[in-house]
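Shown next, in structure tokens, is the structure this report addresses.
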Ligand SMILES: Nc1ncnc2c1ncn2[C@@H]1O[C@H](COP(=O)(O)OP(=O)(O)O)[C@@H](O)[C@H]1O
Ligand SMILES: [Mg+2]
């Protein structure tokens, strides 16, 4: 049993079968990549996992519990954190404030009425957020407005915010899309380091083969909403069906 | 001090000193001088400064922090006033029960309206709150007449027989015998200063309200409210439920409005439905934006600014203008007076509208931003090239 079990998931948008009979099992403490050409249904699948979309049929179990019908914030509280295709951070707030918010969410839950407490006096949160900023090599930017940072730094901050919650499953949707090569490599290194340092399961959706083959331990190939094959990177590289459906196209 | 850092403590002390000495500060001109019309140190106006200050401070907790623009906050002000007058009618003229009940009733009412309105965001939320407030206004005039006394307005009648009102109690609002409308007048040479009981009660409550607002701004709860404004998507995917946060902010700001309404009734024991009208809701929006939404002191400045100029401009009339410009030759004086008279007296709304447009266009951060710019000019730092965060305004994000 994997930490994430997707069984017979179907999702239609009008006449379009975006997901058809998707079965997927992500083993604990692995990096699992989901690849496939544009429009294959990768983002749709991810949206099903985080509660943004409800599938027409099928089940999604995380750690033995169903996630279907739960709101995104509830699914996050179960231990799934998500990184978006374009970095979603709190642009109006400082980097430090950005980092403290997930720490509060982890400690206090989805809602806490503490209007008279003082942020500065929550030493556990301040320390945790600072430590995370040090880990992310962003501590010198702590007073900066998050919106004024470079795309690469925003991505780094977003990943740090997700990690500060100590999630059991980290979902990344094309984390290097639109990035320059150097930023892409930095992100790969960061993810490798994250994986090496802690017990975490990572599911990554990616278009960039360089990223996929640098990180993934297992790969699922999605085409037209249906998983084509699932195997190790080496096997996937040589798989004829995959070459035909996907690699051949982009090579 | 009081759980605040040094900067916030200083701000609180400055506001406290200003409020305490307002009777002096607002009456700088000798009573008989021509400039006396610019004095603002009389009880009625000073009370309105601080009461509307409370209203705007509360509104800012919702609008300034979460970005949810309510267009119906006057409903809570009105409900607060009705609640207070009912306490006078039922219990007696001591203002304490009235003020407490006005906060509670407005809070419950805000919970109800907020629960429904917050199903939507943006313009739809604004319209829902506006609709609720206008409904309350219309109902206060019609079906709710038994509670609101309709067009006449709710007031205390001699036939009411309040429960705790004894023969020796003052027959006007009072705080344990301290009559709200009474003042002590101090004459110094040509100057006259009046210290009004009601004003000081309102000012103390305004300081408490301001202090609580600072605490909210600096709390984890306040941080979450700013997160709501900044990125709700990220918030939801960070395990936080935005709705209860916004609802709590809505209720708190409704309670502030209720307190303001209760104080209005405590100064003058009369509550009318017009207090709930949309123009009153719009006014607190203007106050907050004009002063500087999302800043601590902005709403207080905005409220004072609008109430002061409303008062001054309403007092100026055509003959005052002729008096001022009589030194000009008639062909210039007459058209000038003709032009300006549209902006005075009943034309105050025109001035307010113009001012508001100018501020929104040239000073989006309101009076607070204006103050900061002046401060930077004086301290001689480079101007224009820096925005509030101190980073060059021209920085773009090359990756995007
Ligand atoms: N909300 C939606 N409504 C209608 N069609 C959608 C919606 N989201 C995605 N689709 C369609 O479903 C298919 C799969 O989309 P998506 O999951 O975004 O693909 P990928 O991320 O693999 O590029 C596409 O054809 C897309 O146009
Ligand atoms: Mg996609």
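Here, residue 1 is simply the first one shown, and the rest follow in order.
Cβ coordinates are placed from backbone N, Cα and C, and glycine is handled just like the others.
What TrEMBL says about a protein is an automatic prediction, not a curated fact.
Taken from TrEMBL, the feature region 'Disordered' applies to B:379-400.
The annotation transmembrane segment is assigned in TrEMBL to B:12-29 (among others). Away from its own ends, the transmembrane segment (B:12-29) comes close to residues 2, 4, 35-36, 38-42, 45-46, 49-50, 191-196, 199, 203, 206-207, 210-211, 214, 297, 300 of its chain (Cβ-Cβ under 8 Å, at least six residues beyond either end).
The transmembrane segment annotation in TrEMBL covers B:49-71 (among others).
Sequence annotations record features per position, and here TrEMBL assigns transmembrane segment to B:91-116 (among others).
Look at TrEMBL and you will find B:123-144 (among others) tagged as transmembrane segment.
According to TrEMBL, the feature transmembrane segment maps to B:198-217 (among others).
According to TrEMBL, the feature transmembrane segment maps to B:244-264 (among others). The list of residues near the transmembrane segment (B:244-264) in space but at least 6 beyond its ends in sequence, with Cβ under 8 angstroms from a Cβ of it, reads 47, 51-52, 54-55, 57-63, 65-66, 68, 70, 73-74, 76-84, 95, 98-99, 101-107, 109-111, 113-115, 117-118, 201-202, 205, 209, 216, 221, 224-225, 228, 271, 275, 284.
Feature annotation from TrEMBL assigns transmembrane segment to B:284-306 (among others). Here the transmembrane segment (B:284-306) has long-range neighbours at 8, 11, 15, 49, 52-53, 55-57, 59-60, 63-65, 69, 71, 73-74, 206, 210, 213-214, 217, 257, 352, 355-356, 359-360, 365-369, meaning same-chain residues at least 6 beyond its ends whose C-beta is under 8 angstroms from one of its own.
For B:343-363 (among others), the entry in TrEMBL reads transmembrane segment. Beyond the transmembrane segment (B:343-363), the same-chain residues lying 6 or more positions past its ends with a Cβ under 8 Å from any Cβ of the stretch are 286, 289-290, 306, 309-310, 313-314, 316-317, 320-321, 369-370, 373.
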